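> Please find one structure pasted underneath; my questions will follow.
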Amino acid sequence: MLADKKLFYLSSILIIIGIVFSYSLTAFTVLYFEYSEFHFFIRQLFFGISGILIMFFISRLNPNSNNAKRIILALLIVSFLCIIILPFLPTALATASGGAKRWIRIGPISVSPVEFFKIGLIYFLAWSYTRRIDDNKKAIKHEILILLPYCIVASIVIGYIYITQNDLGQSVISFFLILALAFFAGTSKRLFAFSTIIIIMIGIMVIFSNQRRIQRIISWWGNIQDAFLPLLPNWIASSLRVSVNNEPYQISHSLNAIAHGGFFGEGLGLGIFKLGFLSEVHTDFVLSGITEEIGLFGLGCICIIYLWMILRIFRIAGRCDKKQDFIFCSGIALLLLFSFFMNAFGIISLTPLKGVAVPLLSYGGSSMWAICIGIGYVLMISKKVKL
């Protein structure tokens with residue numbers, strides 16, 4: 001049995017692109033922090049090569065053996081336990097960001113447990129939904145009773161992540177996966193619509209419970225309001241208009257970087273907005289930095305590779321004989337798709353920026369390894385399907 005070579009090659013190409021730009025986009029950062037010239041490049045090269053090896057070795061596992069199941073269940077349990085203890089670790093063992101501890105230090109590297117938790121969550125949902133949800137038509141009341149335990153547990157776990165790590169982006173992704181995979185498992189469109197409304201309402205409540213998030217939403221709305229308010233009646237538009245309409249500093253430079261790159265870009269290594277204007281250009285704003293250097297044409301090529309990879313995973317999912325495999329592969333594809341769009345829409349101010357990494361492109365080992373584990377399992381499953 002052979003794994004899907006196209007998916008492996010597409011994933012590896014994106015990893016290589018990410019490694020190249022980990023060097024190109026960090027020219028100012030290494031000077032500012034007095035790192036060596038190849039500090040980020042060497043680390044991302046290690047993350048990338050090890051990620052490719054992870055994909056390869058997982059793809060070689062027997063998809064019908066229990067070893068593969070034990071590995072991913074262990075991943076779920078260990079990452080969940082790490083998330084629980086993370087807030088209580090001393091600063092020597094935990095790295096903080098935005099006032100919250102999000103990474104565990106293991107020697108010279110920092111690991112984000114929530115990245116691995118998402119992969120384990122997808123597997124758990126695929127396993128559990130297969131046993132709890134069938135394709136038979138049911139009353140919406142019965143469907144709600146089936147999903148209610150998931151919602152309660154998810155609210156506790158994801159709420160804990162949000163409170164302790166102050167990370168709304170990862171919480172949104174986790175809720176999205178729970179809802180979307182329930183739909184893929186066979187729940188009705190009515191329940192999907194009902195659940196979506198409930199989650200949106202909860203999200204609004206969470207946002208308005210934090211003054212800082214309210215200001216970010218107002219700033220975001222002030223940036224895009226002129227595109228929407230002319231479409232509405234005057235009496236509605238006047239009530240929705242806000243006076244604070246200055247673009248956030250980072251978003252403004254992100255848009256300028258994209259505009260400066262034009263269609264073909266300034267050339268690899270020749271971008272200027274990475275020189276202190278975009279402080280997270282190798283992580284949150286990696287797409288802006290890439291676009292400035294290789295242009296909209298280069299970004300379009302990357303998007304095509306991404307779309308091809310995601311469609312390849314959906315194709316594998318659609319040809320799976322087992323429902324559990326279908327749900328898992330669909331979950332990995334949705335995770336890649338949703339993470340990419342959350343970042344892409346954020347850097348151009350279509351949605352508030354949530355600090356979600358671009359899978360396989362953004363600098364960082366945790367996201368890289370977690371996604372490679374997920375794709376590795378898809379490759380393993382692909383050995384059972386006829387493509």
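Start at 1 and count along the chain as shown; that gives each residue its number.
Any Cβ shown, glycine's included, is placed from N, Cα and C.
Features from TrEMBL:
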TRANSMEM  7-32  transmembrane segment
TRANSMEM  38-59  transmembrane segment
TRANSMEM  71-89  transmembrane segment
TRANSMEM  109-130  transmembrane segment
TRANSMEM  142-162  transmembrane segment
TRANSMEM  168-184  transmembrane segment
TRANSMEM  191-209  transmembrane segment
TRANSMEM  294-314  transmembrane segment
TRANSMEM  326-348  transmembrane segment
TRANSMEM  360-381  transmembrane segment
> With contact taken as 3 or more Cβ pairs under 8 angstroms (pairs 6 or more apart in sequence), are the transmembrane segment (326-348) and the transmembrane segment (109-130) in contact?
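By the criterion, they touch.
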> Suppose I define contact as three or more CB-CB distances under 8 A, residues 6 or more apart in sequence; do the transmembrane segment (109-130) and the transmembrane segment (360-381) meet it?
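Yes, the transmembrane segment (109-130) contacts the transmembrane segment (360-381).
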> With CB pairs under 8 Å as the measure, which of the listed stretches 7-32, 142-162, 168-184, 191-209, 294-314 comes out on top against the transmembrane segment (360-381)?
7-32
> Against which stretches of its own chain does the transmembrane segment (294-314) lie, if we need a Cβ under 8 Å and a gap of at least six residues from its ends?
4, 6-7, 10-11, 13-14, 17, 258, 261-265, 268, 287, 329-330, 332-333, 336-337, 340, 361, 375, 378
> Taking a Cβ cut-off under 8 Å, which residues six or more beyond the ends of the transmembrane segment (168-184) line up next to it in the same chain?
114, 118, 121-122, 125-126, 129, 133, 147, 150-151, 154, 158-159, 161-162, 191-192, 195-196, 199, 203, 206-207, 213, 326-327, 330-331, 334-335, 338-339, 342, 354-356
